[in-house]
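Engineer: One structure coming up, written as structure tokens, with questions to follow.
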Amino acid sequence: MELESETQELHLRVNGEPEGKFPTKERSHNYSWRLRVSLYVTLLLAGETIATLFGRLYYEKGGKSTWLETLVQLVGFPLTLPCYYYIKSEPSNTKTKTKNAYSSFLPLSLVYIGLGLLVAAHCVMYSFGLLYLPVSTFSLISASQLAFNAIFSYFLNSQKITPFILNSLVLLTTSSTLLVLQDEPESSYSSSSKSNYVIGYICAIGSSAGYSLVLSLTDYTFEKILRKYTFKVILDMATYPSLVATIAVVVGLFGSGGWKMLRMEMDEFELGKGSYVLIAIGSTISWQACLIGSIGLILEVSSLFSNVISTLCLPVVPVLAVLFFHDEMNGIKFIAMLLAMWGFVSYAYQHYVDERNPEEEQELPQPEEEKEVTQDDKSYVQA
């Protein structure tokens with residue numbers, strides 16, 4: 001086992017891969033990796049779908065506080081705190097630890113604060129978009145997050161813009177643009193005017209851009225700052241930015257005086273006080289499951305893959321919205337959904353190609369310098 005650990009360390013030093021993250025070719029045949037990815041995919045899809053429907057139900061039945069709808073997206077982070085108890089502490093003399101695995105307190109704190117404030121801004125825009133738009137329209141607009149993610153990943157995560165990804169960007173952009181061309185906004189349940197519809201559209205686009213930026217920055221943090229891939233890292237990335245974002249939203253809630261209307265809103269809620277509380281609790285749990293799933297997929301695969309899986313909700317949420325909230329599926333919206341699904345398939349196929357054909361660099365012969373290092377390291381292991 002010690003020899004195996006040493007060999008893994010040498011592999012990391014030679015190839016420059018962060019600890020704990022398998023190369024693409026190895027992880028595709030790793031059962032435990034597939035199991036973890038399947039779990040995170042389930043959490044992300046179920047959490048996002050249920051949370052979106054809960055949010056629309058809250059507004060549908062008399063809820064009006066965008067601050068509360070924002071808060072339930074963030075305040076669930078204490079639910080994961082007991083998981084820290086079950087994490088085994090790493091031995092202090094572990095030889096696989098390197099200086100790159102550690103980050104100083106100040107830079108890491110700035111990362112958590114920056115991500116937390118960005119998450120808070122994204123959640124506020126999400127709440128306004130969901131307030132002023134039908135849930136089906138909002139869900140379709142949210143598909144534009146893939147296009148934003150491709151752009152951010154290109155600059156932050158060295159993601160290549162291939163013909164399939166470019167095709168996806170065009171389709172998703174066209175899909176979102178079509179929704180602006182609807183003759184009349186469907187405002188029966190938000191009593192919104194045309195101007196509010198435009199505000200909702202802008203907020204939905206801003207929310208998609210913010211979410212994609214958070215994913216890319218999280219991926220960048222894993223790769224360049226933390227350089228560790230453990231369950232504890234997932235919890236840290238889910239807990240500390242959420243704590244910062246929650247504090248920011250609570251300050252906004254009390255600073256704006258929005259907390260004063262919550263009591264009256266609960267009393268006037270159409271489904272009753274009990275349902276009001278249950279919807280808030282259900283939304284909180286669902287959003288936390290979605291967060292863990294999203295960060296887990298970033299850690300195990302990439303921010304691109306996490307965003308692609310998130311977009312799988314695209315055909316699900318509009319259909320459920322038609323069933324439960326009687327949203328109208330008009331011609332423009334149907335075409336937009338087809339284009340968005342086409343864009344998603346194009347994006348997903350590119351990921352499939354990447355999985356089947358790992359980067360050529362991994363298959364090329366090692367340069368002479370690396371070969372020398374490898375020979376020295378082998379001697380070190382034998383010694």
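Cβ atoms are placed via backbone N, Cα and C, with glycine included.
Predicted automatically and left uncurated, TrEMBL annotations should be read as such.
For 8-23, 372-383, the entry in TrEMBL reads compositional bias 'Basic and acidic residues'. Sequence annotations record features per position, and here TrEMBL assigns compositional bias 'Acidic residues' to 358-371. Marked as region 'Disordered' by TrEMBL: 1-23, 358-383. Marked as transmembrane segment by TrEMBL: 37-59, 71-87, 108-132, 138-157, 164-182, 197-217, 238-256, 276-299, 304-325, 331-349.
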Engineer: With the transmembrane segment (164-182) as the reference, find which of 37-59, 138-157, 331-349 contributes the most Cβ pairs under 8 Å.
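Structural biologist: Maximum Cβ contact count belongs to 331-349.
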Engineer: With the transmembrane segment (197-217) as the reference, find which of 108-132, 138-157, 238-256, 276-299, 304-325 contributes the most Cβ pairs under 8 Å.
Structural biologist: 108-132
Engineer: Is it true that the transmembrane segment (138-157) and the transmembrane segment (276-299) have 3 or more CB pairs under 8 Å, sequence gap of 6 or more?
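Structural biologist: The answer is no, given that the two segments have fewer than 3 Cβ pairs within the 8 Å cut-off.
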Engineer: Can you name the far-off residues of the same chain, 6+ from the ends of the transmembrane segment (71-87), with a Cβ under 8 Å from a Cβ of it?
Structural biologist: 51, 119-120, 123, 126-127, 231-232, 235, 238-239, 242-243, 245-246, 249-250, 253, 280, 283-285, 287-288, 291-292
Engineer: Residue list, the transmembrane segment (108-132) vs rest of chain: Cβ under 8 Å, 6 or more residues beyond ends.
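Structural biologist: Sequence-distant neighbours of the transmembrane segment (108-132): 52, 55-56, 59, 64, 66-67, 69-70, 73-74, 138, 141, 190, 192, 196-197, 199-201, 203-204, 206-207, 210-211, 213-214, 217-218, 221, 225-226, 237, 240-245, 247-249, 252.
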Engineer: Six or more residues out from either end of the transmembrane segment (304-325), which same-chain residues have a Cβ under 8 Å from its Cβ atoms?
Structural biologist: 41, 44-45, 48-49, 52-53, 56-57, 60, 134-136, 139-140, 142-143, 145-146, 149-150, 153, 157, 159, 189, 211-212, 215, 294-295, 297-298, 333, 337, 340-341, 344, 347-348, 351
Engineer: What residues in the same chain, six or more past the boundaries of the transmembrane segment (37-59), come closer than 8 Å to it by Cβ-Cβ distance?
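Structural biologist: Here the qualifying positions are 68-69, 73, 127, 130-131, 135, 138-139, 189-190, 279-280, 282-283, 286-294, 296-297, 300-301, 306, 309-310, 312-313, 316-317, 320-321, 324-325.
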